[in-house]
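Annotated features in TrEMBL:
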BINDING   Cys62, Cys66, Cys69  [4Fe-4S] cluster binding site
Amino acid sequence: MKETFTCSLCPRRCGARRTAHAGEGICKEGSLPVLARAGVHEWEEPCISGTRGSGTVFFSGCALRCVFCQNHQISAGGYGAEVSVSRLREIYFELIAKGVHNINLVNPTHFAHAVIESLHEPLPVPVVYNCGGYERAETLRALAGKVQIYLPDLKYLDPALAARYSGAPDYPGVAKAAILEMVRQVGPCVFDDEDILQRGVVIRHLVLPGAVDNTLDVIDWVNETFAPGEVLFSLMSQYIPCGEAGRFPEIDRTISEEEYRRVEDYLLCCSLEDGYLQQRSAASDCYIPPFDLEGVLKNE
């Protein structure tokens, strides 16, 4: 892996110079991967977590930097520890030894170069690329054959919301193109005998307070774009104000019962049947894991 390079991995294409330990770009990261936690996670969708959990590897830093990020401590707070690519691969096998269903790479976009190198040989379990949806198709194509499951967000189809909360007015078009590339790569959903996903795309959408129309647009796009069984759709209602959400009064609250019912009714009226609808009671910080470097440092 090159220790110094000019970066164009994400749609920001900021051209930042990234050295081993420092970066000048939006993500602020160097070339070596930085991790905040690597452990067994039981709170993903049932087809991901199953009965034995998902082997989640949380990368620090972020190129999208949503103001409401529930992982703000690691996405913008600078928390984490550098690891080598060989150590990253070693972590995968330590998690696999615990019996996990898959290796789940959380927010890996800005370290895609290291992920690609770490997967130079296939793993014995599926690799999940768990990302914010703001991805360059060119970067995704470099992952072809190395990733079996894509788990992208589709946060916004309203450019104004994308600009206000993520500084990325181009998010809707970029994310749609990225998701189409993901589906092209891995094809329709394939499950094993335990109903654990082995290949496919799960599109996530988090309902934001005051932005129900955005959610309805997302539901419409997924419903109109994909055939039954081609993707899974996961509608999440777990939003709580995190990060810098307090600076934006309209999102400094959980979604209301009325907002939840409107979204639920709309989803149930659609022909979109493959996926998950999270209960409104999931709006809690108990689903945010402790970021404590568990599983990151060798011989821990």
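Glycine residues also receive a Cβ, built from the backbone N, Cα and C atoms like all the rest.
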Other than Cys62, Cys66, Cys69, which residues of the same chain sit close to [4Fe-4S] cluster? List them in sequence order, counting a residue when its Cβ is within 8 Å of the Cβ centroid of the site.
Leu64, Arg65, Val67, Phe68, Asn71, His72, Ser75, Ala76, Gly132, Ser166, Gly243
What three-state secondary structure does DSSP assign to Cys62 ([4Fe-4S] cluster binding site)?
coil
